[in-house]
Amino acid sequence: MSGLFETLGRRALFTFDAEQAHGLSITGLKTGIVTCRTPEDPALSVKVAGLKFPNPLGMAAGYDKNAEVPDALLKLGFGFAEVGTLTPRPQSGNPRPRIFRLVDDKAVINRLGFNNEGHEAAFKRLSRRAGKSGIVGVNIGANKDAEDRIADYVAGIRRFYQLARYFTVNISSPNTPGLRNLQAREALHELLSRVLEARDEEGNMCTLKRPVFLKIAPDLTDEELDDIAAEADAQKLDGIIVSNTTLSRSGLKNPENSNETGGLSGAPLFERSTVVLARMRERVGPDMPLIGVGGIDSAETALAKIKAGADLVQLYTGLIYRGPGLPGEILRGLSTAIKHEGVSSIAELRDRDTKEWAARKLIS
């Protein structure tokens, strides 16, 4: 399926503007004609933050921004799907064009700016799937013009508490001015304190404790990673997602579109994000869940993330270039890897290569 898509489907979709092509793919999933379900392998099941995932492969936030197709994504074989980023009020994001393909590099640069229809539109859609099986997380953000950005994150926790299986606090998008400043220790302390307080208050009212993950940038210094790890431990955060898109342009094969402002995702992000993942694993120790994101486009890259320290992995850009058959292809490859490695579950392969990845040097 992936090979056929690369030959025919991608050629057709790539005749459209990147944002139009994205809209067409959402429409295709809504029709239900795109399904590539892969038989479940119990050896791929992973328990993370109190949730049992049927497999470790998830759809990253940014694709289904408005919670339109989470169940269709699960039918592609994903073990979980993350919708958003959602802000309290609708916002249009940055002016178009704002998505740029770097085809030779199997990469994308975007400067979307949290364009979404807001909490209420997504709430209505997610309410319609209440009671359905499948893990759907909600990625929450802040409106660009918010006077109190932390209050926007708190609002997201409260609005979606009954519907989200987990939350991701996104403070690492490079496309909202000043947002990444929330990763600094003092600001992060206030953010996590208020968000987790809201989570605990909501949880106490319904006896459900929803995990909260923090999504960080791949462009952080070792000292900044130290601060985030320390704060995550002190606040008893449920996990960290490593990582969002990068501002770095190192290693690109083709300069076309590389000077565009925005975050770079796809294959060139793999090395940087995996190194930062491993370094974060060394800092937080074996118990805190980590979700690896960035450059996953095969079973080999997914397995490398797990061996570098990830409990779960997510992809997005790989799907653009490889098509809807990619999740199944990755899961089959991971099942084969488990047998080849002589272990009984994918979780046993975590951290096999953490030290080697953490020691690699990064080019800015």
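Any Cβ shown, glycine's included, is placed from N, Cα and C.
Feature list (source: Swiss-Prot):
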- S173: active site, nucleophile (ACT_SITE)
- A61, G62, Y63, D64, K65, T85, N139, N170, K215, S243, G266, G295, Y316, T317: FMN binding site (BINDING)
- K65, N110, R111, L112, G113, F114, N170, N175, N244, T245: substrate binding site (BINDING)
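The Cβ neighbour count for A61 (FMN binding site), using a 10 Å radius and every protein chain shown, is 27. When the binding-site residues G113, G266 are compared by the number of other C-beta atoms lying within 10 angstroms of their own C-beta, G113 comes out lowest. Per-site Cβ counts within 10 Å over the binding-site residues K65, R111, K215 peak at K215. The Cβ neighbour count for N170 (substrate binding site), using a 10 Å radius and every protein chain shown, is 29. Site extent for FMN: the farthest pair of Cα atoms among A61, G62, Y63, D64, K65, T85, N139, N170, K215, S243, G266, G295, Y316, T317 sits 20 Å apart. Across the fold, the C-alpha of Y316 (FMN binding site) and the C-alpha of N170 (substrate binding site) stand 16 Å from each other.
Surrounding the centroid of the Cβ atoms of K65, N110, R111, L112, G113, F114, N170, N175, N244, T245, where the record places substrate, the chain contributes additional residues within 8 Å, namely G62, T85, G93, S173, P174, T176, G262, G263. The binding residues for substrate are recorded as K65, N110, R111, L112, G113, F114, N170, N175, N244, T245; their greatest pairwise CA distance is 16 Å.
Only R111, from the binding-site residues Y63, K65, R111, N139, G266, place their Cα within 10 Å of the Cα belonging to S173 (active site, nucleophile).
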